[in-house]
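Swiss-Prot has this to say about the protein:
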type    : residues                                                                                       : note
BINDING : Arg48, Arg54                                                                                   : NADP(+) binding site
BINDING : Arg125, Ser126, Ser127, Asn238, Ala239, Gly278, Lys293, Pro294, Thr295, Ser296, Ser297, Arg319 : FMN binding site
Amino acid sequence: MAGNSFGQLFRVTTFGESHGLALGAVVDGCPPGLEISEADLQIDLDRRKPGTSRYTTPRREPDEVKILSGVFEGRTTGTSIGLLIENTDQRSKDYSDIKDVFRPGHADYTYHQKYGQRDYRGGGRSSARETAMRVAAGAIAKKYLKQMHGIEITGFLSQLGPIKAEGFDAAQIEQNPFFFPDAGKLEELDQYMRDLKKEGNSVGAKVQVIATKVPVGLGEPVFDRLDADIAHAMMGINAVKGVEIGDGFAVVEQKGSEHRDEMTPAGFASNHAGGILGGISSGQDIVVSMALKPTSSITVPGKTINTEGEAIEMITKGRHDPCVGIRAVPIAEAMLALVLMDHLLRHRAQNQGVMTQTPQLR
């Protein structure tokens, strides 16, 4: 399996499985001198961890991160940062009956065909449990971005099933278990999720993440455009089936006179492009949305096959999220932070001394 690392100068490598002893990550390229502690990383890990509300999986993992290396006397040393989270609430017996069965809609079949074997306990390496380490690594990037450049990254659930956020109150996002910015829809969300759990079903969601105060100039055309790397990062998150930058697929119905973000001496008149032009950050807010599919781990009977190719009907057991989009919010924030961190270091390496007479717009 060769796809366990992400980034070039700020590079993150993760390891571990859903029901293994532990999850881990190695973070390379972090500049020295950044104040960082396990408590800093724990903030975002607590936002992502399972068992925090009745709307997510009942699996209870404390997700307590340990910094093994790369930090001395509270500051990064510039060497590899080793991170570890122990798994403590595995129930592998929940999966013994699917050892020879492919769960429809999961990675079971493709992992089996590619590698000739698979860890059937909670999906093994294909489980979203792995994303805990992305969140831990992303927390390092988020702190650097904010402390050194003033960059803030905020994610939220913009749609759950048919329920869309119509109002936006940033203060509400961390005040409810949905990361939802529209307080007027919380009761509707609660009832919808209750009904969904009674059905034994699941539903998809849309997550939006916004980065503010991003400097102009990040992105490496032509193959490492900033939007291309962001899309790559978001599509690497479990269950993500689509990514939009700015207005995304809505541009299909727009005319050029509407979509172009006109410029004045006072700044940009709009931000349909989502803060990226020609693969390079424009200095405006970077706006990213992603669509997540409904999890296939449901108690509604479904058709599948076993390893012998025989047709069977199955009901998925175990502990699962009825909507994976809820806990995807801090994951999306982390992945955007990793991309921006990597591109800041790459930009600094080649273009640090570049100056123009043109004022920077917002």
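Cβ coordinates are placed from backbone N, Cα and C, and glycine is handled just like the others.
Reported as a whole number, the C-alpha separation between Ala239 (FMN binding site) and Arg54 (NADP(+) binding site) equals 20 Å. Cβ neighbour counts within 10 Å, taken over all protein chains shown, single out Arg48 as the most crowded of the binding-site residues Arg48, Lys293. Recorded residues Arg48 (NADP(+) binding site) and Thr295 (FMN binding site) have their alpha carbons 17 Å apart, per Cα-Cα distance. Rounded to a whole value, the Cα-Cα separation of Ser297 (FMN binding site) and Arg54 (NADP(+) binding site) is 17 Å. Separating the Cα atoms of Thr295 (FMN binding site) and Arg54 (NADP(+) binding site) is a whole-number distance of 16 Å. The separation of Arg54 (NADP(+) binding site) from Arg125 (FMN binding site), Cα to Cα, is 25 Å. Of the listed binding-site residues, namely Ser127, Thr295, Ser297, the sparsest CB environment within 10 A is found at Ser127. The binding-site residues under consideration are Arg54, Arg125. Their Cβ neighbour counts within 10 Å are lowest for Arg54.
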